[in-house]
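J.: Here TrEMBL flags 26-48, 60-81, 101-120, 140-162, 204-225, 237-260, 272-292 as transmembrane segment. Per TrEMBL, the feature domain 'G-protein coupled receptors family 1 profile' maps to 41-290.
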Amino acid sequence: MEQGNESATTDFILLGFFSDSQHPKLLISVVLLSLGVAITGNSILALLIWGHACLHTPMYFLLSQLSLMDLMLITTTVPKMAANFFSGHRFISHIGCGVQIFLYLMLGVAECVLLTLMAFDRYLAICSPLRYPVIMTPRVCMQMATGSWAGGVLISLMHTIYAMHFSTCGSRKIHHFFCEVMALLKLSCEDTSTYEKVVLVSSIAFLLIPFGLIVTSYILIYFAVLHMNSPEGKNKALATCSSHLGVVSLYFGPAMIIYTTPRSSLPSEVDQHLFVFDVIITPMLNPLIYSLRNKEVLGALRKVLWRKLMFKQKR
């Protein structure tokens with residue numbers, strides 16, 4: 001009876017992955033812990049970068065934008081997932097579904113573009129250090145960030161409008177923990193094969209091509225590092241680049257599997273687990289990867305903690 005009322009008063013029902021779990025309470029606890037770590041880590045990293053002059057460089061400015069994107073990405077899906085779990089209602093309105101699709105796609109495309117630009121920034125810094133300050137001016141950095149956000153908004157808006165115009169018939173149950181565009185298309189009673197090809201082309205444009213550019217950049221960086229005479233310079237370059245490569249692998253790996261693999265050959269459970277990695281685990285790990293191996297970020301954090309400690313002692 002409750003399920004009937006739920007489906008009658010709402011547009012879609014998110015089945016999620018808690019219903020199939022033998023330990024749903026443990027799973028939601030892990031998800032909420034991940035949310036807390038992600039919000040804390042990305043917020044601290046962004047505030048450190050904005051508040052400390054030693055971190056006012058192109059690399060850290062772009063990193064602060066990545067933290068903002070990760071912060072928005074995890075808060076787009078997890079709070080709604082948790083609210084549905086604790087309330088017992090798994091519904092989402094038609095407008096709410098469209099908003100989730102728009103935000104997820106916007107942030108996904110924006111991160112792809114931004115990570116590519118961050119690789120270009122590292123390529124210039126290591127392979128062309130004399131030209132780096134001339135090219136990577138504050139204005140150029142702002143244009144890079146604006147281009148990433150604007151590109152995400154534009155591409156996402158087109159996909160969201162097109163995907164939401166398909167009419168649905170029969171079941172309105174989405175086999176996912178949030179409104180994901182391909183999961184929504186499975187409810188359509190229209191032919192969506194043309195749009196699925198468009199999604200594949202978009203995946204090539206915003207996943208495979210950027211990934212190829214990033215890999216090429218780091219191959220060139222690797223050869224440049226081999227010719228460095230300073231061991232300290234080598235270690236610093238490798239530490240910075242390995243952090244970025246770790247984030248690239250975390251983000252692009254699951255996303256490429258999700259959007260370049262035919263949906264018929266990808267089980268629903270595997271698909272959801274990949275999305276958990278993409279929208280929950282990656283935003284949680286990114287600030288940890290960048291901060292734990294970065295002496296400048298750790299130094300800025302120690303200064304903040306030391307000032308707070310001294311302030312408390314004076315009081």
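Cβ atoms are placed via backbone N, Cα and C, with glycine included.
Looking at the shown structure, what environment does each listed feature sit in?
T.: Same-chain neighbours of the transmembrane segment (26-48): 17-18, 55, 63-64, 67-68, 70-71, 74-75, 78-79, 81-82, 85-86, 280-281, 283-284, 286-288, 290-291, 297, 300-301, 304, counting only residues six or more beyond its ends whose CB sits under 8 Å from a CB of the stretch.
Outside the transmembrane segment (101-120) by six or more residues, the chain places 59, 62-63, 65-66, 69-70, 72-73, 76-77, 144-145, 147-149, 151-153, 155-157, 159-160, 163-164, 178-181, 184, 206-207, 210, 213-214, 217-218, 244, 247-248, 251-252, 255, 279 with a CB less than 8 A from a CB of the stretch.
A Cβ distance under 8 Å defines the sequence-distant neighbours of the transmembrane segment (140-162), meaning residues of its chain 6+ beyond its ends; these are 58, 61-62, 65, 98, 101-103, 105-111, 113-114, 117, 181, 195, 198-199, 202, 206.
Within the chain, the transmembrane segment (204-225) has long-range Cβ neighbours (under 8 A, six or more residues past its boundaries) at 108-109, 112-113, 115-116, 119-120, 122-123, 126-127, 155, 234, 237-238, 241, 245, 248, 252, 255-256, 259-260.
Cβ atoms under 8 Å from those of the transmembrane segment (237-260) belong to residues 59, 66, 108, 111-112, 115, 118-119, 122, 126, 182, 199-200, 202-204, 207-208, 210-211, 214, 218, 221, 225, 228, 266, 271, 274-275, 277-278, 281-282, 285-286, 289-290, 293-294 of the same chain, restricted to positions at least 6 beyond its ends.
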J.: Summarise the model's confidence over the domain 'G-protein coupled receptors family 1 profile' (41-290) as a mean pLDDT value.
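T.: Averaged over the domain 'G-protein coupled receptors family 1 profile' (41-290), per-residue pLDDT gives 89.
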